[in-house]
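Some notes on the structure that comes next.
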Amino acid sequence: MLAGLSPHLSNLRRSLTQVLNFALVLSTAFMMWKGLSIYTNSSSPIVVVLSGSMEPAFQRGDLLFLWNRSPRAEVGEIVVYNVRGKDIPIVHRVVRAFGDDEKSPKETNGQKKKKVMSSVKKDSIAAGALHSDSALVSHRILTKGDNNIADDTELYAQGQDYLDRKLDLVGSVRGYIPAVGYVTIMLSEHPWLKTVLLGIMGAMVILQRE
């Protein structure tokens, strides 16, 4: 009876080993991703170009490597940002930047800044006025795709005329590999390919067991 159980135990042991190896691969990949995310200070340190709006600089399917530890994004720099309320990364170039000592478009119109200054005057706190005013004017940028005619104002969230460096940017592009990410685009545009890949992986596992 023990002799009859031996093959079953051997198969079970082999199956468990394969499951553990697969889990080890997944956990290692996850740890590497989290480590890279912490190192670059970016929630998505690697992204895929999804459109042709940055041609000829970047083509659809290019794999981009991001860095998000710079305090500013300079004009001409290519950045990746998320539109507020959406989870779609957009890769575009900075065409205007408003530093801490500059006025953003809204402040030029004298709307938001006047409200803050009036409230500060009512409180009669001069020191607080300077601090509040400095904190208000954070580093803001305006972006545009190289292959687009207009800037990204229409892409931003409703009522948003610029991007906030700290709140909206995923990172700045520091390197890329051409066309490598096109597989991701194919899988998202053709869901049936995911089923095919899963079937191939399952077949490989079965063949290895035999």
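Using the three backbone atoms N, Cα and C, a Cβ is placed for every residue, glycine included.
The topological domain 'Cytoplasmic' annotation in Swiss-Prot covers 1-21 and rests on sequence analysis.
Swiss-Prot lists 22-38 with the feature transmembrane segment, giving sequence analysis as the kind of evidence.
Positions annotated as topological domain 'Lumenal' by Swiss-Prot, on the basis of sequence analysis: 39-210.
Following the DSSP three-state reduction, the secondary structure of N41 (N-linked glycosylation site) is coil. Of all the Cβ atoms in the protein chains shown, 13 others lie within 10 Å of the Cβ of N41 (N-linked glycosylation site). Positions annotated as N-linked glycosylation site by Swiss-Prot: N41.
DSSP assigns S53 (active site, charge relay system) to coil in the three-state reduction, placing it in neither a helix nor a strand. What Swiss-Prot records for S53 (among others) is active site, charge relay system.
Taking a C-beta cut-off of under 8 Å and a sequence gap of six or more, H92 (active site, charge relay system) has these contacts in its own chain: S53, M54, I78, V79, Y81, T143, K144, G145, D146, N148, D152. The active site, charge relay system annotation in Swiss-Prot covers H92 (among others).
Annotation comment: Swiss-Prot describes D152 (among others) as active site, charge relay system, evidence class similarity to another entry. Of all Cβ atoms in the protein chains displayed, 22 besides its own lie within 10 Å of the Cβ of D152 (active site, charge relay system). The DSSP secondary structure for D152 (active site, charge relay system) is helix.
Per Swiss-Prot, the feature region 'C-terminal short (CTS) helix' maps to 196-207.
If one looks beyond the transmembrane segment (22-38) by at least 6 residues along the same chain, the residues whose Cβ comes under 8 Å of a Cβ in the stretch are 44-46. Look at H92 (active site, charge relay system): DSSP puts it in a strand.
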